[in-house]
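Features of the protein shown, as given by TrEMBL:
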| type | residues | note |
| --- | --- | --- |
| COMPBIAS | 1-15 | compositional bias 'Basic and acidic residues' |
| COMPBIAS | 16-28 | compositional bias 'Low complexity' |
| DOMAIN | 74-253 | domain 'Oxidoreductase molybdopterin-binding' |
| DOMAIN | 292-375 | domain 'Moybdenum cofactor oxidoreductase dimerisation' |
| REGION | 1-40 | region 'Disordered' |
Amino acid sequence: MDTRSTTAEDGREPGRTAPGARRAGQAPPARPGIRKPLPPRLFAVHGTNAETRWEALRGADYLTPDDLFFVRNHTATPLIDAATWRLTLWGDGLDGGPVAFTYRDILGMPAETVTAFIECAGNGRVLYGEQQGQEVSGTPWRLGAVGVARWRGVRLATILRRAGMGDRAVALMPRGLDADYVEAGENLGRVRRPLPVAKALDDVLVAYEMNGRPLPPDHGYPARLVVPGWAGVASIKWLGDVEVSARPLESPWSTRLYRMHGPGHPPGGGPPLTRMGVKSAFELPWPARLQAGREHLLRGRSWSGHGRVVLVEVSDDEGVSWRPARLRDDRHPRGWVRWTFPWTPRQAGELRLLARAADETGARQPGSAACNTLGYGFDAVVRHPVVVT
Ligand SMILES: Nc1nc2c(c(=O)[nH]1)N[C@H]1C(S)=C(S)[C@@H](COP(=O)(O)O)O[C@H]1N2
Ligand SMILES: [Mo]
């Protein structure tokens, strides 16, 4: 099904410009294939991707504003005309032939909203190196490849039913309309990843609104999947078609990418990544600078792909002692919780602040994360560097 004639190289990807072309401290190139403005105050740009700066979330609302939400693009944001866009369902798992829905059809179906985080499976990747001394490859996210939005759309289950999905169907393959992804000269085709039917029928949304407005182009306009709790790659943007199959399906995003590879993992990698682990982040610059001898109200957020966060604790002595943070929100089961922690550093010097969370299923953050060559799933307690002045 994949055409091999187009490539991801559209000349706008700064990751492909000559090494050294960008000097440290210089503003990032204007067009990493992302349409919205990426002021350095709000984002760190990595190639075709933009990472939210946690200090920009300081004191912000529960929902990540659209203009602050991280962007993970394999290639570049396409501009799609909703008037001619179609969502096509096809494959031998349908009782009839292919079915195409228009934007208007989708808007006319019963709508639901869900407040959920989307988080890249590689969020925290740079910490395998910085904190665990392990070498991994991939986009060097710190902790800003996550955001929470209120998504509105139609349940994928509704669309599958209207398309005539039969009992034979065992696998789905949602696919984006962005350009083919070319990795080290190999064309992997358009971004697509198998989605188990059980998850699709449970809580997956075909979303057309983010935080009360039509999806911005960078986040999947006119429609994207939202797969709550799962690695962000499942939440296919610019959704164009879904294959409904009577046989299991695979793609490079389920066989090679988004699996744990390396020592300690099965040959060929662990199972395709699904739920995200438990994480916490301070709404502070990296490193943070704070004055000694006065009280600071530290703020942060914690989240888990397994369920509500019920406990967050903070340590300023390398994890010897922990004190509970105050949780500030009614916890959305698929979102995050904001917390505060009053803290008075006694003397000038360098130290690390640690935050750790536990969720309602009993899942907690480990002291170290399970290393894997592609650097997925960093869920360890993060040591946030602080300079006390
Ligand atoms: N079509 C398409 N869908 C995609 C991607 C992509 O590059 N193309 N990136 C995926 C990945 S890896 C992540 S983490 C999320 C990021 O969603 P966001 O850019 O809206 O934050 O989108 C997913 N959906
Ligand atoms: Mo991702």
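Including glycine, each Cβ sits where the backbone N, Cα and C put it.
What you see is a predicted model, and the numbers here were worked out from it, not measured in a lab.
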In DSSP terms, the domain 'Moybdenum cofactor oxidoreductase dimerisation' (292-375) comprises 0 helix, 40 strand, 44 coil
Mean pLDDT for the domain 'Moybdenum cofactor oxidoreductase dimerisation' (292-375), as a whole number?
-> 96
